[in-house]
Structure formats: structure tokens, C-alpha cells
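Engineer: Pulled the feature table from Swiss-Prot, pasting it below:
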- His94: active site, proton donor (ACT_SITE)
- Phe28, Ala62, Leu63, Glu64, Ala86, Val87, Ile88, Asn119: 5-amino-6-(D-ribitylamino)uracil binding site (BINDING)
- Glu91, Thr92, Arg133: (2S)-2-hydroxy-3-oxobutyl phosphate binding site (BINDING)
Amino acid sequence: MARYDNIPEFETDLDGRGLRVGIVMSRFNQDVCEGLLSACTAELLRLNVSPELMRIATVPGALEIPLALQTMARSGRFDALIALGAVIRGETYHFELVSNETGSGINRVGLDTGMPIANGVLTTEDDDQALARMQEKGADCARTAIEMAKLLKQLQ
């Protein structure tokens, strides 16, 4: 039963059995991205997502993630998508541009297609921050993707 003034609440669990999950991962800052991927896929497996129902596409950098997500979302082959990448501040304005455009693009794809997308693109000041956050963020994206896929199915 709901926790909110006796109003019925949509309830989901984190059992990913039968869900088809697509992952788009940037190859830029590869060590961090592969750490995100490792944590993400380990959590997907823990949540009963079959390896046969997971697919990964790699792209050169963070700015290419939204287009790959959009194509996957429109394919009808996935129940949820996950974006993985790392944008680490340098000495130029490029960090803000890449961070803002990537985040905006990921959100736009989700809203335009109705596809749940977990955003696991880290934006950090330095490599140490990215390395410190990659495990938890990767696992969190897996949980978010499963929860939102199941919630959206209930809402329809």
C-alpha cells in the first residue's frame, strides 16, 4: 500500500528477468568507462538480467552517446538503455560544452522516445574523482534502468 496519505502507489521491484537492456559506452577516458561498465553489468546480472538480453555499443566520445541511444531506443529491441561515459575537466571551456550537450542529449532522447535511460556519464574535476565514483555509479545505473523500465510498463 502507498505511503502517501493512503493514495495507491505504483510499486516496482528490481527483478530484471526478461528485460532487454542496451548500453552505450564512450571509449574516451577508457579506464573509467570500463570500470563503469564492469560495475553496471555485474549489477544487471545480480538483478537477473540475462547476458543474452544485454547489448553494448561503444562510441568515440560522450557527444556521440545521444545519437547511439536514440537509434537503439527507436529500434524497438530494448526495454531500457544505459549511457556510460566520463567527462573530466581540462583547462578549456570544452568540459562545459561536452557535459551540457551530452546530458541534454540523453534527456532529450528519453523524453522524445519514451525510453527509460539511466545516465551514467560522470562529470568530474579530475581522474581521481572519476575513479572513486565509477563503481557506485555503474551499479546505480543498472538499478535505475531496471526500476524505470518496470515503472513505465505499469504506467502505460
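Even glycines carry a Cβ here, placed using N, Cα and C.
Any idea what these are sitting next to in the structure?
Structural biologist: The secondary structure of His94 (active site, proton donor), as reduced to three states from DSSP, is helical.
Within the same chain, residues at least 6 positions away in sequence whose Cβ sits under 8 Å from that of Leu63 (5-amino-6-(D-ribitylamino)uracil binding site) are Val98, Glu101, Thr102, Gly105.
Arg133 ((2S)-2-hydroxy-3-oxobutyl phosphate binding site) is surrounded by 18 other CB atoms, counting those within 10 A of its CB over all protein chains shown. According to its DSSP assignment, Arg133 ((2S)-2-hydroxy-3-oxobutyl phosphate binding site) is helical.
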Engineer: Taking the Cα atoms as reference points, how far is Arg133 ((2S)-2-hydroxy-3-oxobutyl phosphate binding site) from Ala86 (5-amino-6-(D-ribitylamino)uracil binding site) in Å?
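Structural biologist: Computed Cα spacing between Arg133 ((2S)-2-hydroxy-3-oxobutyl phosphate binding site) and Ala86 (5-amino-6-(D-ribitylamino)uracil binding site) is 10 Å.
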Engineer: Let me check the 10 A CB neighbour count of Ala62 (5-amino-6-(D-ribitylamino)uracil binding site). How many other CB atoms are there?
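Structural biologist: Other Cβ atoms found within 10 Å: 26.
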Engineer: Pairwise over Glu91, Thr92, Arg133, annotated as binding (2S)-2-hydroxy-3-oxobutyl phosphate, what's the top Cα to Cα distance to the nearest Å?
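Structural biologist: Among the residues the record ties to (2S)-2-hydroxy-3-oxobutyl phosphate, max Cα distance equals 23 Å.
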Engineer: Quick check for the class: what is the C-alpha distance, in angstrom and rounded, between Phe28 (5-amino-6-(D-ribitylamino)uracil binding site) and Thr92 ((2S)-2-hydroxy-3-oxobutyl phosphate binding site)?
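Structural biologist: Here the two Cα atoms lie 17 Å apart.
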